[in-house]
Amino acid sequence: MAAIATDANLDNLKSSVAGLEQISENEKTGFINLVSRYLSGEAQHVEWSKIQTPTDEVVVPYDTLAPTPAGSAEIKSLLDKLVVLKLNGGLGTTMGCTGPKSVIEVRDGLTFLDLIVIQIENLNSKYGSNVPLLLMNSFNTHDDTQKIVEKYQNSNIEIHTFNQSQYPRLVADDFLPLPSKGNTGKDGWYPPGHGDVFPSLSNSGKLDALLSQGKEYVFVANSDNLGAIVDLKILNHLIEHKNEYCMEVTPKTLADVKGGTLISYEGRVQLLEIAQVADEHVGEFKSIEKFKIFNTNNLWVNLKAIKRLVEADALKMEIIPNPKEVDGVKVLQLETAAGAAIRFFDKAIGINVPRSRFLPVKATSDLLLVQSDLYTLEDGSVIRNPARTNPENPAIELGPEFKKVSNFLSRFKSIPSIVELDSVKVAGDVWFGAGVILKGKVSIVAKSGVKLEIPDGAVIATKEINGPEDL
């Protein structure tokens with residue numbers, strides 16, 4: 001960072017931010033507070049020797065939760081206290097799509113958003129409840145989402161949208177906001193991470209409106225996590241035990257070694273992220289033996305507690321500096337994460353949930369999993385095929401030819417059967433026919449300049465294929 005942290009930096013920044021007409025006073029205040037904390041060098045250093053493994057009281061095993069009440073009236077009473085909030089600020093650019101990621105088709109012509117709406121509609125219809133859906137958009141996804149939700153206006157579900165904050169990117173050289181230098185387009189701004197969900201819920205007026213309707217808990221999850229469905233056992237447990245905050249965690253696999261983990265620290269439960277770990281302990285942090293669980297970003301939070309902490313300006317989550325470059329200018333965006341808020345809430349817990357509650361779609365390799373016969377669709381929920389005996393999903397590695405959704409879809413006449421697959425690597429100019437079955441460990445890597453077509457109905461079991469002669 002080229003700028004030196006000085007009071008002059010902050011004074012110049014304050015006067016520049018005051019002149020930005022595109023954002024609200026709340027956003028200006030929130031941004032200045034975030035930068036002040038960053039410049040002050042405020043950081044929460046974790047002393048490695050003080051880290052303790054949480055007990056089962058702090059990270060509750062899912063199997064020990066009491067069963068859901070059986071009667072419809074009791075279930076309706078539970079659901080009427082609940083709000084579902086999906087984090088909908090992300091674009092589908094990683095997979096070559098424009099617009100919100102939540103409108104990518106996942107299965108049977110249905111998008112992430114379609115599936116979320118179907119799930120909640122089914123609950124409301126079955127129990128006569130009124131669980132509303134909130135979508136937290138960013139300025140990147142707001143306009144498109146507003147148009148998309150119109151198609152649900154006759155659904156049995158109230159849908160509300162609100163925007164998270166819009167903050168100016170900081171120029172690294174002089175610590176001034178990029179928009180004050182003439183870059184007032186979208187590139188001059190950024191959404192400051194999902195830790196912003198709490199103040200934005202309050203600033204939008206949605207928090208007070210929900211409290212006035214008697215709502216008590218919000219279930220927050222990423223819109224691309226297909227496993228993040230409403231769980232009545234978890235909701236019932238939180239209400240009974242008056243927990244203000246619950247993070248769903250799940251056992252780590254080798255694919256999750258960078259994910260944040262829950263620890264007990266100085267008498268409180270908190271999230272430990274890899275960015276907080278000193279270099280000499282990173283290997284230990286990634287160890288599945290020592291840190292066995294990781295954060296799914298499925299969070300259940302008490303609405304009154306959010307109001308109390310936001311009004312007291314008490315949610316000072318760890319700041320994540322994210323350096324970027326815009327048109328050759330080095331900029332910095334400061335972000336926070338919602339999971340880091342756990343240490344500010346009373347009676348905060350983790351619940352160690354089954355892996356089925358964590359099914360994110362971040363790339364086309366994930367899309368292949370959820371579109372395959374490994375899953376079926378039931379009431380908007382993606383259910384794992386019981387014919388799969390291995391508890392872990394197959395490892396799927398797709399080459400750059402499959403990165404964009406449009407290319408991915410064009411290269412499969414139909415998605416192969418992978419119920420008996422352990423791992424597959426596909427790269428090069430590969431095209432799949434219909435009804436292909438993959439089993440065991442498969443590698444299909446086309447030689448340079450070779451178009452490799454897998455014929456309809458091919459059964460490929462533990463094999464390496466580099467050209468037509470290997471089929």
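Using N, Cα and C of the backbone, Cβ positions are placed for all residues, glycine too.
Features of the protein shown, as given by TrEMBL:
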BINDING   LYS101, GLN164, GLY193, ASP224, LYS362  UTP binding site
BINDING   HIS194  substrate binding site
**Report entry** binding-site residues listed as LYS101, LYS362, least Cβ neighbours within 10 Å
**Finding:** LYS362
**Report entry** Inter-residue Cα distance where the pair is HIS194 (substrate binding site) and LYS101 (UTP binding site), in Å
**Finding:** 15
Report summary line: Taking only the CA atoms, the spacing between ASP224 (UTP binding site) and the residue listed as 'substrate binding site', expressed in whole angstrom, is 14
Requested in this report: For LYS362 (UTP binding site) and the residue listed as 'substrate binding site', determine the Cα separation and express it in whole Å.
Outcome: 17
Report summary line: Should one count Cβ atoms within 10 Å of each candidate's Cβ, the binding-site residues GLN164, GLY193, HIS194, ASP224 would be headed by GLN164
Query raised in the report: How far apart, in angstrom, are the most distant Cα atoms among the UTP-binding residues LYS101, GLN164, GLY193, ASP224, LYS362?
Result: 21
Query raised in the report: Cα distance, GLN164 (UTP binding site) to HIS194 (substrate binding site), nearest Å?
Result: 8
